[in-house]
Amino acid sequence: MAGIVVVFDFDKTIIEIDSDNWVVDELGITDLFDKLLPTMPWNSLMDRMMKELHARGKTKEEIKEVLRRAPIHERIIPAIKKAHALGCDLRIVSDANVFFIETILNHLGIKDCFSEINTNPSYFDEEGSLRISPYIDFHSSPHGCSLCPPNMCKGMIIERIQASLTNEGRKRMIYLGDGSGDFCSSLKLKEGDFMMPRKNFPIWDLICENRALLRAEIHEWTDGEELEHVLLKLIDKIDIELIEEKKNNSNNSESSVQVDFKFATIPLAPNPQRSSLVCNSYS
Ligand SMILES: [Mg+2]
Ligand SMILES: [Zn+2]
(Lines of atoms letter the chains of each structure in order from A and count residues from 1; the text may use other names and numbers.)
(Lines give C-alpha, C1' and ligand atoms only; values in the text may rest on other atoms or scores of the structure.)
(Ligands and ions follow the chains in the order given, each with its own letter.)
Protein backbone atom coordinates (compact mmCIF):
# COMPACT_ATOMS: atom_id res chain seq x y z
CA MET A 1 0.00 0.00 0.00
CA ALA A 2 2.29 2.66 -1.29
CA GLY A 3 -0.40 5.25 -0.64
CA ILE A 4 -0.25 5.06 3.15
CA VAL A 5 2.18 6.77 5.53
CA VAL A 6 1.99 5.57 9.15
CA VAL A 7 3.62 7.87 11.71
CA PHE A 8 4.34 6.46 15.17
CA ASP A 9 5.21 8.26 18.36
CA PHE A 10 7.72 6.06 20.25
CA ASP A 11 7.40 6.25 24.06
CA LYS A 12 4.20 4.66 25.40
CA THR A 13 3.11 4.02 21.83
CA ILE A 14 5.63 1.52 20.36
CA ILE A 15 7.17 0.65 23.71
CA GLU A 16 5.04 0.46 26.84
CA ILE A 17 7.01 2.96 28.91
CA ASP A 18 8.81 6.30 28.52
CA SER A 19 12.40 5.46 27.57
CA ASP A 20 13.83 8.54 29.33
CA ASN A 21 12.13 7.68 32.62
CA TRP A 22 13.02 4.01 32.17
CA VAL A 23 16.77 4.68 31.87
CA VAL A 24 16.75 7.23 34.70
CA ASP A 25 14.81 4.89 37.03
CA GLU A 26 16.64 1.68 36.15
CA LEU A 27 20.06 3.30 36.62
CA GLY A 28 19.11 4.86 39.94
CA ILE A 29 19.13 8.62 39.34
CA THR A 30 15.41 9.33 39.73
CA ASP A 31 15.89 11.56 42.81
CA LEU A 32 18.26 13.90 40.98
CA PHE A 33 16.00 13.88 37.92
CA ASP A 34 12.97 14.89 40.02
CA LYS A 35 14.97 17.58 41.81
CA LEU A 36 16.23 19.21 38.61
CA LEU A 37 13.07 18.84 36.50
CA PRO A 38 11.52 22.14 37.69
CA THR A 39 14.72 23.99 36.75
CA MET A 40 15.25 23.13 33.08
CA PRO A 41 13.56 21.82 29.92
CA TRP A 42 13.13 18.01 29.80
CA ASN A 43 15.47 17.60 26.82
CA SER A 44 18.29 19.57 28.50
CA LEU A 45 17.71 17.61 31.71
CA MET A 46 18.16 14.29 29.88
CA ASP A 47 21.51 15.51 28.57
CA ARG A 48 22.43 16.45 32.17
CA MET A 49 21.29 13.00 33.38
CA MET A 50 23.49 11.21 30.85
CA LYS A 51 26.49 13.19 32.13
CA GLU A 52 25.50 12.14 35.64
CA LEU A 53 25.41 8.47 34.60
CA HIS A 54 28.86 8.82 33.10
CA ALA A 55 30.15 10.46 36.30
CA ARG A 56 28.77 7.51 38.25
CA GLY A 57 30.69 5.09 36.03
CA LYS A 58 27.74 3.80 33.97
CA THR A 59 28.87 2.63 30.56
CA LYS A 60 27.30 2.68 27.11
CA GLU A 61 26.81 -1.07 27.40
CA GLU A 62 24.94 -0.69 30.70
CA ILE A 63 22.59 1.89 29.17
CA LYS A 64 22.04 -0.41 26.18
CA GLU A 65 21.27 -3.33 28.48
CA VAL A 66 18.59 -1.27 30.23
CA LEU A 67 17.10 -0.15 26.90
CA ARG A 68 16.94 -3.73 25.62
CA ARG A 69 14.79 -4.59 28.64
CA ALA A 70 12.20 -1.88 27.88
CA PRO A 71 8.76 -3.50 28.04
CA ILE A 72 6.69 -3.76 24.88
CA HIS A 73 3.27 -5.32 24.27
CA GLU A 74 3.60 -8.61 22.39
CA ARG A 75 1.34 -7.51 19.49
CA ILE A 76 3.25 -4.31 18.62
CA ILE A 77 6.07 -6.00 16.68
CA PRO A 78 3.72 -8.16 14.55
CA ALA A 79 1.58 -5.05 13.86
CA ILE A 80 4.58 -3.05 12.66
CA LYS A 81 5.95 -5.94 10.58
CA LYS A 82 2.57 -6.52 8.97
CA ALA A 83 2.03 -2.82 8.12
CA HIS A 84 5.52 -2.74 6.61
CA ALA A 85 4.94 -5.97 4.66
CA LEU A 86 1.74 -4.46 3.25
CA GLY A 87 3.85 -1.67 1.74
CA CYS A 88 3.05 1.17 4.13
CA ASP A 89 5.71 3.84 4.65
CA LEU A 90 6.42 3.77 8.42
CA ARG A 91 8.05 6.67 10.23
CA ILE A 92 8.77 7.70 13.82
CA VAL A 93 8.33 11.16 15.35
CA SER A 94 9.60 11.14 18.93
CA ASP A 95 10.92 13.41 21.66
CA ALA A 96 13.25 10.63 22.93
CA ASN A 97 16.64 10.45 21.18
CA VAL A 98 18.37 8.58 18.36
CA PHE A 99 20.49 6.31 20.56
CA PHE A 100 17.60 5.13 22.76
CA ILE A 101 15.26 4.52 19.81
CA GLU A 102 17.78 2.81 17.52
CA THR A 103 19.07 0.58 20.32
CA ILE A 104 15.54 -0.62 21.08
CA LEU A 105 14.43 -1.01 17.44
CA ASN A 106 17.61 -2.91 16.56
CA HIS A 107 17.10 -5.19 19.53
CA LEU A 108 13.50 -5.84 18.49
CA GLY A 109 14.57 -6.46 14.87
CA ILE A 110 12.21 -3.83 13.42
CA LYS A 111 14.49 -0.88 12.69
CA ASP A 112 14.48 -1.55 8.95
CA CYS A 113 10.67 -1.30 8.92
CA PHE A 114 11.00 2.49 9.34
CA SER A 115 12.00 4.84 6.55
CA GLU A 116 12.63 7.76 8.89
CA ILE A 117 13.24 8.46 12.58
CA ASN A 118 12.64 12.08 13.54
CA THR A 119 13.98 12.64 17.05
CA ASN A 120 16.56 14.48 19.16
CA PRO A 121 20.16 13.82 18.04
CA SER A 122 22.48 11.99 20.42
CA TYR A 123 26.09 10.77 20.35
CA PHE A 124 28.81 9.57 22.71
CA ASP A 125 31.43 12.25 23.31
CA GLU A 126 35.16 11.60 23.59
CA GLU A 127 34.81 10.96 27.30
CA GLY A 128 32.18 8.31 26.72
CA SER A 129 29.16 10.26 27.93
CA LEU A 130 25.95 10.19 25.89
CA ARG A 131 25.09 13.72 24.78
CA ILE A 132 21.51 14.56 23.84
CA SER A 133 20.80 17.74 21.91
CA PRO A 134 17.51 19.39 20.96
CA TYR A 135 15.90 18.52 17.60
CA ILE A 136 15.47 22.25 17.13
CA ASP A 137 18.04 24.71 18.41
CA PHE A 138 15.70 26.83 20.46
CA HIS A 139 18.27 29.56 21.02
CA SER A 140 19.13 30.29 17.39
CA SER A 141 15.87 29.27 15.68
CA PRO A 142 12.87 28.82 18.01
CA HIS A 143 9.92 27.02 16.39
CA GLY A 144 7.38 29.45 17.83
CA CYS A 145 4.68 26.83 18.52
CA SER A 146 3.06 27.41 21.89
CA LEU A 147 1.70 23.84 22.07
CA CYS A 148 5.09 22.13 21.97
CA PRO A 149 8.23 21.91 24.13
CA PRO A 150 11.06 24.26 23.01
CA ASN A 151 13.22 21.47 21.52
CA MET A 152 10.63 19.92 19.21
CA CYS A 153 7.37 20.79 17.44
CA LYS A 154 5.95 17.51 16.14
CA GLY A 155 3.39 19.39 14.03
CA MET A 156 6.22 21.03 12.09
CA ILE A 157 7.64 17.58 11.32
CA ILE A 158 4.24 16.38 10.10
CA GLU A 159 3.98 19.42 7.82
CA ARG A 160 7.45 18.69 6.48
CA ILE A 161 6.46 15.08 5.74
CA GLN A 162 3.22 16.23 4.09
CA ALA A 163 5.15 18.71 1.90
CA SER A 164 7.64 16.01 0.87
CA LEU A 165 4.79 13.76 -0.26
CA THR A 166 3.02 16.20 -2.55
CA ASN A 167 4.85 14.98 -5.66
CA GLU A 168 4.01 11.34 -4.99
CA GLY A 169 0.27 11.45 -5.65
CA ARG A 170 -2.40 11.19 -3.00
CA LYS A 171 -1.10 9.80 0.30
CA ARG A 172 -3.14 9.08 3.39
CA MET A 173 -1.63 9.40 6.83
CA ILE A 174 -2.28 7.42 10.01
CA TYR A 175 -0.77 8.89 13.20
CA LEU A 176 -0.42 7.00 16.50
CA GLY A 177 0.47 8.66 19.79
CA ASP A 178 -0.24 8.95 23.50
CA GLY A 179 1.25 12.22 24.75
CA SER A 180 0.38 15.90 24.85
CA GLY A 181 3.29 16.40 22.41
CA ASP A 182 1.26 14.48 19.81
CA PHE A 183 -1.62 16.97 19.90
CA CYS A 184 0.12 19.45 17.60
CA SER A 185 0.58 16.62 15.05
CA SER A 186 -3.09 15.72 15.25
CA LEU A 187 -4.04 19.28 14.26
CA LYS A 188 -1.95 19.04 11.08
CA LEU A 189 -3.67 15.88 9.81
CA LYS A 190 -6.04 16.42 6.91
CA GLU A 191 -9.43 15.13 5.94
CA GLY A 192 -8.98 11.53 4.83
CA ASP A 193 -6.21 11.00 7.42
CA PHE A 194 -6.59 9.04 10.66
CA MET A 195 -5.59 9.92 14.20
CA MET A 196 -5.09 6.98 16.58
CA PRO A 197 -4.86 8.44 20.13
CA ARG A 198 -4.16 6.13 23.04
CA LYS A 199 -7.29 6.11 25.17
CA ASN A 200 -7.11 7.71 28.65
CA PHE A 201 -3.65 9.14 27.96
CA PRO A 202 -2.92 12.92 27.71
CA ILE A 203 -3.51 13.06 23.92
CA TRP A 204 -6.94 11.57 24.50
CA ASP A 205 -7.98 14.33 26.92
CA LEU A 206 -6.69 17.05 24.58
CA ILE A 207 -8.57 15.62 21.60
CA CYS A 208 -11.76 15.25 23.64
CA GLU A 209 -11.54 18.89 24.70
CA ASN A 210 -10.77 20.12 21.18
CA ARG A 211 -12.62 17.66 18.95
CA ALA A 212 -13.80 20.36 16.51
CA LEU A 213 -10.22 21.36 15.67
CA LEU A 214 -9.35 17.98 14.12
CA ARG A 215 -10.00 17.14 10.47
CA ALA A 216 -8.79 13.53 10.68
CA GLU A 217 -11.04 10.63 11.58
CA ILE A 218 -10.32 9.48 15.15
CA HIS A 219 -9.89 5.84 16.24
CA GLU A 220 -8.71 5.18 19.76
CA TRP A 221 -6.77 2.19 21.09
CA THR A 222 -5.87 1.06 24.59
CA ASP A 223 -3.11 -1.53 24.23
CA GLY A 224 -0.93 -3.30 21.67
CA GLU A 225 -3.63 -5.77 20.76
CA GLU A 226 -6.14 -3.06 19.95
CA LEU A 227 -3.46 -0.99 18.21
CA GLU A 228 -2.77 -3.91 15.89
CA HIS A 229 -6.45 -4.51 15.22
CA VAL A 230 -7.36 -0.86 14.55
CA LEU A 231 -4.24 -0.10 12.50
CA LEU A 232 -4.64 -3.09 10.18
CA LYS A 233 -8.35 -2.38 9.80
CA LEU A 234 -7.63 1.24 8.79
CA ILE A 235 -4.93 0.15 6.32
CA ASP A 236 -7.44 -2.22 4.78
CA LYS A 237 -10.11 0.47 4.64
CA ILE A 238 -7.79 3.00 2.99
CA ASP A 239 -6.61 0.34 0.54
CA ILE A 240 -10.18 -0.33 -0.59
CA GLU A 241 -10.85 3.40 -0.92
CA LEU A 242 -7.69 3.92 -2.97
CA ILE A 243 -8.59 1.04 -5.29
CA GLU A 244 -12.08 2.49 -5.75
CA GLU A 245 -10.65 5.94 -6.44
CA LYS A 246 -8.33 4.49 -9.04
CA LYS A 247 -11.16 2.54 -10.66
CA ASN A 248 -13.38 5.59 -10.76
CA ASN A 249 -10.64 7.71 -12.24
CA SER A 250 -9.96 5.23 -15.02
CA ASN A 251 -13.70 4.75 -15.62
CA ASN A 252 -14.17 8.49 -15.92
CA SER A 253 -11.40 8.77 -18.46
CA GLU A 254 -12.77 5.83 -20.49
CA SER A 255 -16.48 6.52 -20.01
CA SER A 256 -17.16 7.32 -23.67
CA VAL A 257 -16.11 3.85 -24.81
CA GLN A 258 -17.11 1.73 -21.82
CA VAL A 259 -20.76 2.62 -21.40
CA ASP A 260 -21.68 -1.04 -20.77
CA PHE A 261 -19.54 -1.21 -17.68
CA LYS A 262 -20.80 2.00 -16.23
CA PHE A 263 -23.32 0.47 -13.87
CA ALA A 264 -20.91 -2.14 -12.61
CA THR A 265 -18.57 0.53 -11.33
CA ILE A 266 -20.79 3.13 -9.74
CA PRO A 267 -18.56 4.95 -7.30
CA LEU A 268 -19.18 4.10 -3.67
CA ALA A 269 -20.54 6.98 -1.70
CA PRO A 270 -17.73 8.47 0.34
CA ASN A 271 -17.79 7.32 3.94
CA PRO A 272 -19.40 9.90 6.18
CA GLN A 273 -16.95 11.55 8.55
CA ARG A 274 -17.28 9.24 11.48
CA SER A 275 -15.56 9.14 14.77
CA SER A 276 -15.32 6.29 17.21
CA LEU A 277 -14.36 8.73 19.93
CA VAL A 278 -16.50 8.54 23.06
CA CYS A 279 -14.98 11.10 25.34
CA ASN A 280 -16.93 10.60 28.52
CA SER A 281 -16.52 6.86 28.72
CA TYR A 282 -13.95 6.99 31.48
CA SER A 283 -13.77 8.62 34.85
MG1 LIG B 1 4.66 9.04 23.67
ZN1 LIG C 1 3.84 22.36 17.71
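Cβ atoms are placed via backbone N, Cα and C, with glycine included.
Automatic, uncurated: that is what TrEMBL annotation is.
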Looking at TrEMBL, ASP9, ASP11 are annotated for Mg(2+). Which of ASP125, ASP137, ASP178, ASP193 sits in that same site? ASP178
Sort the binding-site residues ASP9, ASP11, ASP178 by C-alpha distance from ASP20 (substrate binding site) and give me just the closest. ASP11
To the nearest whole angstrom, what is the C-alpha distance linking ASP9 (Mg(2+) binding site) and ASP95 (substrate binding site)? 8
Excluding ASP9, ASP11, ASP178, please set out which residues of the same chain place their CB within 8 Å of the center of the CB atoms of the Mg(2+) site, keeping sequence order. PHE10, LYS12, THR13, ILE14, ASP18, SER94, GLY177, GLY179, GLY181, ASP182, ARG198, PHE201
Report, in whole Å, the straight Cα-to-Cα distance of ASP178 (Mg(2+) binding site) from ASP95 (substrate binding site). 12
So which binding-site residues out of ASP9, ASP11, ASP20 are up against ligand 1, CB under 6 A? ASP9, ASP11
